[in-house]
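The structure under discussion appears below in the form of structure tokens.
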Amino acid sequence: MRAWGWVRNKFSSEDDYNDGASNKDYPDRFNEFDNSQNDHNDYTQNNAQFQNAQTTTFGRTISRVKAYYEIPEDDELDELASIPQWFKKNVTSNIFKNFLHYLKSLFPIIEWLPNYNPYWLINDLIAGITVGCVVVPQGMSYAKVATLPSEYGLYSSFVGVAIYCFFATSKDVSIGPVAVMSLITAKVIANVMAKDETYTAPQIATCLALLAGAITCGIGLLRLGFIIEFIPVPAVAGFTTGSALNILSGQVPALMGYKNKVTAKATYMVIIQSLKHLPDTTVDAAFGLVSLFILFFTKYMCQYLGKRYPRWQQAFFLTNTLRSAVVVIVGTAISYAICKHHRSDPPISIIKTVPRGFQHVGVPLITKKLCRDLASELPVSVIVLLLEHISIAKSFGRVNDYRIVPDQELIAMGVTNLIGIFFNAYPATGSFSRSAIKAKAGVKTPIAGIFTAAVVILSLYCLTDAFYYIPNAILSAVIIHAVTDLILPMKQTILFWRLQPLEACIFFISVIVSVFSSIENGIYVSVCLAAALLLLRIAKPHGSFLGKIQAANKYGSDNIANVRDIYVPLEMKEENPNLEIQSPPPGVFIFRLQESFTYPNASRVSTMISRRIKDLTRRGIDNIYVKDIDRPWNVPRQRKKKENSEIEDLRPLLQAIIFDFSAVNNLDTTAVQSLIDIRKELEIYANETVEFHFTNIRSGWIKRTLVAAGFGKPKGHAVDASVCVEVAAPLRDANLSAESSRNLSRIITPIYDDEEGNVSGHIYELDGKNNSDLSMHCQKGSNQVEIEFVEFNSRKYPFFHVDVASAVVDLQHRLLSPQKSDSFGSLKEGGTTTIKKIEN
């Protein structure tokens, strides 16, 4: 109550208490009401008068408090941007229609299937069968990487291609087993079985598919796919390359025939042990090395011949695509000839029994304990699923000129893995190699996945007897050949270094950690380093003080046109010494921030501005502290000048700062507080009011934030009626030619048309040439054309400008040349500009 009394006495007048009832009468009235309880109606009426008076008093007092501290009214802020408007625009506007659109977007097949062209069917059929011939040997090979029986790779292959087409926004992506995810699955199986050996490898892999698929689907449904963008390309390339090296080294023992003798886990140890056991090489190496040579030879020869003989390019492409299937078929035939009489003890390592059909269809075994054991393994699994699929989908969408919907792609991948658990499939994601084959085969729509699924089913029901004799060494050769495409080429590595050395370091560190520690650590390190680099860039933004140069377009040797003023960083002169950069007017500074102005960088930016300005301006008072005892501890003692000293500080006094917000997309509370602190600090330093001007503001919310903090207009004063306002003045119902637009460049004099001397327009000088498009708009019997004013910025906030040039002109006019300010007059809203024709 004491606080309210102080506020009332400071900001209220006695007239505030005379509305409805006199303030001094209230105690008597309350005594009267206490003694006369019978007259209840009179009590109610007088009490209402009392409350009305109190409400009026409170409201007026609050208004005076806001005026005293220059706090804008809520209505004034809502004109710039308001929460109800945003909520109405983004949430409540057509909410039912948006909900239906959301449900429809979950099934993109509804959009493109009715428009399916029958002529596309042959392309989809060829692409589907081609991918099917590749996915069968790859699926069985990747199941080996995941330490699962071969049939589980086929189960994942079938579900991936069959389900994805109903939810896909990419026609090229092929979902199924991939090398990196298979390796992660193997790591997860090993870690969980080390905790509890009661679970089998397929049970663990299926539960992992359930949890990872549910998380991925949830991210897509909630439209949170943008979080993937926080991981840059070098980080993805780093752990992908590390994973490829891990897979490649892990398949060498099986390729050479001494798989059981290499037990190391880290990549570098696997390489060392593989080299130590080279004397233990068996006959399997003949199958593996020959197959590997044929695969690489066929690949490079088909690529070379396809370029050399473009006429036969399609035939070479088909040969190159089917090379893995042909190698597996030929190798299996040779293996059958060798092992058919030695089924119980084959001389080479073969796959042996592969169950026919879908032997494990049903509800999987999922327990709480298994889910708890898998919890720590989920982050890395989800990251790999997300990054591999989205990066592949985006790259093929960019190459083939269509756009994907990342969130819908996550839903498609999540649903595919969720349905796959009923077939005992392990986690699947987009495959780069199979997607590339699918795209080159001329696929037209996602329906090609149905034909790929048919090939997988055919192999499961008709070819399982033949799968018995597939040599493991050949499957290892197929894996090694496939993962070499995941290793980043040297050319791309050098490009990373040339573009961004810091991001290239992330790539190298990720590869090193993956090789010498583990794939999981490599992924975590790359993601953490990418996040640290992002925060570092936000916390240490690049800011520049600007100067002016005159730019023009030069045509030929003599023709120069479109001369204009542009503002560039002052440090550009160091890069180009011949460039003449004109500094802003004395006491005026122009600062451009190249990042959003938020709490991580607020302190650094304010320090940068304060130091630069204090270095280039002088204090308003030489010694603001009369006595040394009043000097703060952090302010150095000023030396007394000698009496005969003629040294004078010629630096200007600080007058204004112009902030170029063209690159600022966000402005938070901490940043605004730093602006307030800078203004306070610099006003103490300059011993006068320092104007803060803002240009190129991109968002109404940024304007609202600045206005709420007291920026946008002169501090402590009402807005002058003669303030300069940027306007656009188009011809009514006409399009000016470029020549006539240039003829409107010089203002001769303002036109005053009211008693207060306000300006409603200006007379422009014309050269009398090429003005036919102006003359046709002259009124009959007159030589004048009226042009309407359209204001760019609000008259309420004269310190908000459309660009830097207009802010500088305004400051030159009002601060540096105050005697000229009357010539500008004021601009009436809805006024007109008059153009006077001057004949030759």
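A Cβ is built for glycine as well, from the same backbone N, Cα and C atoms used for every other residue.
Remote same-chain partners of the transmembrane segment (120-140), defined as residues 6 or more beyond its termini with a Cβ less than 8 Å from a stretch Cβ, comprise 150-151, 153-154, 156-157, 161, 174, 176-177, 318, 321-322, 324-325, 328, 351, 354, 431, 433-434, 437-438, 441-445, 447-456, 459, 463, 467, 470, 475, 478, 482. Feature annotation from Swiss-Prot assigns transmembrane segment to 120-140 (among others); the stated evidence is sequence analysis.
The annotation transmembrane segment is assigned in Swiss-Prot to 148-168 (among others). Here the transmembrane segment (148-168) has Cβ contacts under 8 Å with residues 106-109, 131, 135-136, 138-142, 174-177, 185, 189, 201-202, 205, 351, 354-355, 358-360, 408-409, 411-413, 415-416, 419-420, 423-428, 446-450, 452-453, 456-457, 459-460, 467 of the same chain, all six or more residues outside its ends.
Among the features that Swiss-Prot reports, transmembrane segment is placed at 173-193 (among others).
Under the heading transmembrane segment, Swiss-Prot lists 208-228 (among others). For the transmembrane segment (208-228), the list of distant contacts is 185, 188, 364, 366, 371, 374, 377-378, 381-382, 385-387, 390, 406-418, 420-421, 425-428: same-chain residues at least six beyond its ends, Cβ to Cβ under 8 Å.
For the transmembrane segment (230-250), the list of distant contacts is 145, 179-180, 182-183, 267, 270-271, 274, 383, 387-388, 391, 479-480, 483-484, 486-488, 492, 496, 500, 503-504, 506-511, 513-515, 519, 522-523, 526-527, 529-531, 533-534: same-chain residues at least six beyond its ends, Cβ to Cβ under 8 Å. Annotated transmembrane segment per Swiss-Prot: 230-250 (among others), in sequence order.
As annotated by Swiss-Prot, transmembrane segment applies to 278-298 (among others).
Swiss-Prot lists 315-335 (among others) with the feature transmembrane segment, giving sequence analysis as the kind of evidence.
The feature transmembrane segment is assigned by Swiss-Prot to 410-430 (among others).
As annotated by Swiss-Prot, transmembrane segment applies to 447-467 (among others).
Sequence annotations record features per position, and here Swiss-Prot assigns transmembrane segment to 470-490 (among others).
Panel annotation: around the transmembrane segment (505-525), residues 180, 183-184, 187, 232, 234-235, 237-239, 241-243, 245-246, 265-268, 379-380, 383-384, 488, 493, 496, 533 of the same chain, lying at least six beyond its termini, place a Cβ under 8 Å from a Cβ of the stretch. Per Swiss-Prot, the feature transmembrane segment maps to 505-525 (among others); the stated evidence is sequence analysis.
The annotation transmembrane segment is assigned in Swiss-Prot to 527-547 (among others).
Sequence annotations record features per position, and here Swiss-Prot assigns domain 'STAS' to 578-733.
Here Swiss-Prot flags Ser823 as phosphoserine.
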**Q.** the transmembrane segment (410-430) and the transmembrane segment (278-298) contact flag, 3+ Cβ pairs under 8 angstroms
**A.** no
Q) What same-chain residues lie close to the transmembrane segment (447-467): Cβ under 8 Å, and 6 or more beyond its ends? A) 113, 116, 123-125, 127-129, 131-133, 135-136, 139-140, 150-151, 154, 157-158, 161-162, 164-165, 168, 171, 174, 332, 336, 351, 354-358, 438
Q | Averaged pLDDT score, the domain 'STAS' (578-733) | A | 80
Q | Selection from 173-193, 315-335, 527-547, the stretch that has most Cβ pairs under 8 A to the transmembrane segment (278-298) | A | 315-335
